[in-house]
Amino acid sequence: MSDNLALHGTTILCLKKNEEIIIAADGQVSHGNTVLKSTARKLRTIANNKIIVGFAGSTADGLALFEKLEIKIEQYNSNLLRSAVELAKDWRNDKYLRRLEAMMIVADRSHILILTGNGDVIEPENNIAAIGSGGLFALSAARALMSYENNLTAEEIALKSMNIAADLCVFSNHNIIMEKVV
C-alpha cells in the first residue's frame, strides 16, 4: 500500500478504569481520500474472549498479524506479554513481516500493549492506548475524561472519546464497535 493516509486511516482506543478494560474501533475503511466501507470490524477476540486485538493500517496486513499473534498466544499458553514480544521479534526479523503496514493494540486483564511495525511492544503508563489517524484525538479526550469525569464508566469514556475523534478525524467515523475484556 503506497498511500500513507490509508495506512493510518482509523481510530482504535483501549482503556482501563476500575478493572474494566474496553477496546473501541471506528468502522471506516479508507483508501487515500475515499471511504470504501463504513461498517468494518477492526476488533477481534482470541483465547476464549480473554484477549482483544484492534488493528490500524492495511486490513490484509492487520489480519495477517492477527493470525500470527493468535499462533503465538496458543504457543505461549495465552501469555499475552510473552506472545507480543515474540511476535515483535518475528515482525522485526522476518523479511515478509517487515513489509506489513499495520499497528495493533492488544489487551487482556493484565496488559494493554501497542505493537508497532518497527517491532516495538509498548505498554502505556496511564492505562490508555490509541492508534491510527484519530488516535491522538481519542487519547487526548480519554485522558481528559479519565481525569475530570470520575462518574463515567470505562465504556462511556471510550464512546465519548471515540466520538470526539470521529468529529475531528476525516478518516474515522461514528460507527463505533466496543469489546470488553473478560
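Heads up, the Cβ atoms here are built off N, Cα and C, so glycines get one too.
In Swiss-Prot this protein carries:
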| type | residues | note |
| --- | --- | --- |
| ACT_SITE | Thr10 | active site |
| BINDING | Ala166, Cys169, Ser172 | Na(+) binding site |
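Structure with Swiss-Prot features highlighted.
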{"residue": "Thr10", "record": "active site", "CB count, 10 Å": "31"}
{"residue": "Ala166", "record": "Na(+) binding site", "CB count, 10 Å": "22"}
{"residue": "Cys169", "record": "Na(+) binding site", "CB count, 10 Å": "22"}
{"residue": "Ser172", "record": "Na(+) binding site", "CB count, 10 Å": "29"}
Pairwise CA distance, Ser172 (Na(+) binding site) versus Thr10 (active site), rounded so that it is a whole Å: 5
Cα-Cα distance linking Cys169 (Na(+) binding site) and Thr10 (active site), given in Å to the nearest integer: 8
Na(+) site shell beyond Ala166, Cys169, Ser172, criterion: Cβ within 8 Å of Cβ centroid: Thr11, Asp26, Gln28, Ser133, Gly134, Phe137, Met162, Ala165, Asp167, Leu168, Val170, Phe171, Asn173, His174
